[in-house]
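Going by Swiss-Prot, these are the annotated features:
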- 5-25: transmembrane segment (TRANSMEM)
- 51-71: transmembrane segment (TRANSMEM)
- 79-99: transmembrane segment (TRANSMEM)
- 116-136: transmembrane segment (TRANSMEM)
- 149-169: transmembrane segment (TRANSMEM)
- 172-192: transmembrane segment (TRANSMEM)
- 197-217: transmembrane segment (TRANSMEM)
- 224-244: transmembrane segment (TRANSMEM)
- 252-272: transmembrane segment (TRANSMEM)
- 299-319: transmembrane segment (TRANSMEM)
Amino acid sequence: MQFSLIPFISSFALTVIFLPLFIGFMRMKHEGQVIRDEGPKWHEKKSGTPTMGGVVFMLAGVISTLWVLIWQKDLNKTAWILIIAFLGYGIIGFLDDGIKLYFKRNLGLRAWQKLLGQIIIAALIITLAFSDHFAFELYIPFAGMVRNSFLFSLFVLFWLVGFSNAVNLSDGLDGLATGLSIIAYATYAWIAYQERNWVIVVFTLSVIGGLVGFFIFNHKPAKIFMGDAGSLALGGGLATVSIFLHRPWSLLLIGIVFVLETLSVILQVISFQTTGKRIFKMTPIHHHFEMLGWSEWKVDIVFWIVGLIGSIIYLIIWG
């Protein structure tokens, strides 16, 4: 199979064509984002902005991946696992978004319901990997390579659930999670290309194409949000790609902003529950910088630069 930009172009085209129609449909139905009460007050003006846009780039990415791999006669079990992870987590997010819109509230699925769904999808991915004779090897720093299917399965479960939620936490500003995801998926596309892993190249390029098309409508001021349907799909996809490239730890650098966003929430909760004091003005940490007076664009650009630096450092040292 030869390298081609067809996955990117086709996914981009599908998103750019159908997203405006989706935005128009959501506006006609008066279906828009419900802004959380505890969020920054200036975000209240975003209330009513169409959401669930992730459905469009998610489907565009999947359609592009499928037709290119079928055309190239390279559709294998790895491709199906990537698609199932991407779609599976996206469906959980879709249900979450749908409940929020239907009941006109900021609470969708309950935490345990969302977690259960994420665990089920992760368990399905692990089962399919077993049937595909995937090498259940995990390199643990200072301990070396560990070949233990049970330990590896627990790690995959944690990785998929953790990073799907990490991207979700980062989706709080116009264009932020979209830009960070483009950087991360582009980095993995390059790694997959270097390793001649064409299935992952096609998948990542398809996702990038959809994201670039989506960014046209999602940058500030956003005409649409991706919703949990998009952010959970992106996080689940990234985690699965890192595992199937046998480079799971790479996501700590390539997805460094997602990691920092998650850590800020964890530290804030621990600090408040143990001392009654908050470390940050508001979490996830992008809101902290907003509270310091940074504009959304400034936060976006600085965070994108941090994400890009993390990816470059990884490629220089281990790429």
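Here, residue 1 is simply the first one shown, and the rest follow in order.
Keep in mind that glycine also has a Cβ here, set from the backbone N, Cα and C atoms.
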Query raised in the report: Looking at 5-25, 149-169, 172-192, 224-244, 299-319, which one has the highest count of Cβ pairs under 8 angstroms to the transmembrane segment (79-99)?
Result: 224-244
Requested in this report: For the transmembrane segment (252-272) and the transmembrane segment (172-192), decide whether they are in contact, meaning at least 3 CB pairs lie under 8 A, counting pairs 6 or more apart in sequence.
Outcome: yes
Query raised in the report: Between 116-136, 172-192, 197-217, who has the most Cβ pairs under 8 Å to the transmembrane segment (224-244)?
Result: 172-192
Query raised in the report: When you scan the chain for residues with a C-beta under 8 Å from the transmembrane segment (51-71), skipping those not six or more beyond its ends, what do you find?
Result: 4, 6-7, 10-12, 14-15, 18-19, 22-23, 26, 31-33, 79, 82-83, 86-87, 90, 93-94, 97-98, 101, 199, 202-203, 206-207, 209-211, 213-214, 217-218, 224-231, 233-234
Query raised in the report: With the transmembrane segment (299-319) as the reference, which stretch in 5-25, 149-169, 172-192 has the largest tally of C-beta pairs below 8 Å?
Result: 172-192
